[in-house]
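Q: Annotations per Swiss-Prot:
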ACT_SITE  491  active site, proton acceptor
BINDING   64, 137, 214  [2Fe-2S] cluster binding site
BINDING   96, 138, 139, 465  Mg(2+) binding site
COMPBIAS  8-25  compositional bias 'Basic and acidic residues'
MOD_RES   139  N6-carboxylysine
REGION    1-25  region 'Disordered'
């Protein structure tokens with residue numbers, strides 16, 4: 001008797017919609033676990049439903065995360081509507097804007113690892129079947145995506161959304177649209193006598209008019225755009241601001257989507273392929289996004305067991321043009337990107353040019369190309385986003401460097417460079433504070449190459465962002481005349497001539513450890529080279545007797561971190 005189509009379909013094994021939570025709901029021996037779950041609201045009929053972890057980095061410390069409490073409620077509505085049972089739990093988030101320029105910044109990057117570890121811990125311990133991961137601050141976005149990649153469950157990422165721009169009324173009667181970066185730059189301008197204190201106060205009061213992440217194409221918005229390009233968040237969800245009620249709709253649909261992923265047996269690593277990471281890199285390059293995206297995408301790929309390297313960034317950046325006129329180097333903010341159609345506009349333009357892989361799977365269950373066809377985004381508007389025929393720069397906004405000063409690599413945000421070559425005289429500082437003091441004293445001048453070392457992942461520890469010094473340099477009017485180099489990081493809001501992630505770092509006896517005041521340093525962006533112009537034999541002789549400084553922290557999370565963290569060239573991952 002021939003087999004019918006319906007019989008064949010019945011023989012196909014359907015994915016288990018409860019692949020893990022049966023460990024806590026099924027069988028006589030799970031009576032105690034069911035009793036605990038009844039206390040949080042589950043009833044008899046709920047034990048047959050998939051359990052979805054709703055992981056949120058909501059807190060009251062920073063405006064970046066304030067909307068997440070509201071969005072988590074909408075996510076849970078979506079999970080319920082799709083036939084799942086949501087269980088919300090929290091994790092930490094560190095505010096880079098508040099922790100910048102002091103000891104607190106040592107704890108920023110390690111928070112990425114703590115977030116990933118904490119989400120993994122809860123998801124594994126409670127045997128949750130899938131997750132919706134909500135984040136709003138710089139390190140919480142990659143931390144959540146790292147957790148998704150590590151766990152390889154059905155997962156959807158949801159961004160909190162960016163803040164609206166503020167408007168400062170200045171002492172000369174003018175009004176100026178401002179973001180948080182303007183405050184850092186105002187400090188430098190005021191210190192040099194270029195701005196009155198009352199204008200600094202006006203900017204301070206205007207930069208954060210409400211909830212949401214910092215508004216330019218800084219790290220949070222860059223990583224939200226990357227998450228959308230990776231396929232880990234719903235199409236069109238990166239750009240709407242935090243206060244926009246469209247976000248509640250995205251939240252509900254994210255809750256529905258994760259249950260549908262379970263029904264279809266789609267997990268995070270089905271989405272997080274090498275081609276998906278290449279799509280994310282292309283979008284970051286075209287936006288001229290934060291250099292932190294290099295560090296974070298390498299780390300997420302590591303968790304997904306995808307071979308991604310700095311060479312991939314170089315390869316993609318060499319063929320993807322810089323198209324977005326967005327802050328910190330441009331004129332516009334994320335709300336402007338939203339007004340002209342959001343990240344799908346950029347993705348469709350890149351797809352049409354053959355610079356994006358349209359076959360990559362996404363959390364909708366459809367491919368990138370199918371999603372974009374359904375949205376039908378408009379063409380770039382020509383102002384916020386340029387057409388590929390009229391780019392701001394012919395190559396991507398981030399350049400990977402190598403050379404005698406960075407054998408393993410370094411990163412520069414080339415979107416802000418007016419010329420390809422800078423040659424300057426080294427001014428060497430062990431730590432950011434000493435460099436800030438020199439700038440305030442007026443001893444950093446045009447033509448200097450300011451070197452800030454022992455700020456790497458191990459040496460810092462924590463690879464601090466150098467926004468305080470870069471903002472002060474720009475505010476002092478030296479943004480185009482002073483080169484800054486570090487084994488630390490830069491904020492997504494950094495502008496100026498800034499080279500970071502220099503590897504190997506100083507504490508690992510990288511060449512940056514042996515620079516001296518007066519050495520000549522040459523940066524050639526077009527040829528992707530960073531060199532120290534000292535006779536190699538003489539420079540090598542400086543290594544004799546090198547001893548790195550002792551660890552700054554002997555207890556606590558950073559003491560553990562130093563023992564585990566790897567080079568910035570591989571994402572500063574721990575293991």
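Each Cβ is built from the backbone N, Cα and C atoms, and glycine gets one as well.
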Q: Would you mind sorting out which of 139, 465, 491 (the recorded positions) have a C-alpha within 10 A of the one on residue 214 ([2Fe-2S] cluster binding site)?
A: none
Q: If you count the other Cβ atoms within 10 Å of each Cβ, which of the binding-site residues 96, 138, 465 comes out on top?
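A: The residue with the densest Cβ neighbourhood is 138.
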Q: From the Cα of residue 465 (Mg(2+) binding site) across to the Cα of residue 491 (active site, proton acceptor), what is the distance in angstrom?
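A: Just about 5 Å between their Cα atoms.
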Q: Under DSSP, is residue 137 ([2Fe-2S] cluster binding site) part of a helix or a strand, or is it coil?
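A: The residue in question, residue 137 ([2Fe-2S] cluster binding site), is coil (DSSP, three-state).
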Q: State the count of C-beta atoms found within 10 angstroms of the C-beta of residue 137 ([2Fe-2S] cluster binding site), not counting that atom itself.
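A: Within a 10 Å radius of the Cβ of residue 137 ([2Fe-2S] cluster binding site) lie 30 other Cβ atoms.
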Q: At the Cα level, what's the spacing in Å between residue 64 ([2Fe-2S] cluster binding site) and residue 96 (Mg(2+) binding site), rounded?
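A: The Cα atom of residue 64 ([2Fe-2S] cluster binding site) is 10 Å away from the Cα atom of residue 96 (Mg(2+) binding site).
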Q: Between residue 137 ([2Fe-2S] cluster binding site) and residue 96 (Mg(2+) binding site), find the distance joining the two CA atoms and give it rounded to the nearest Å.
A: 8
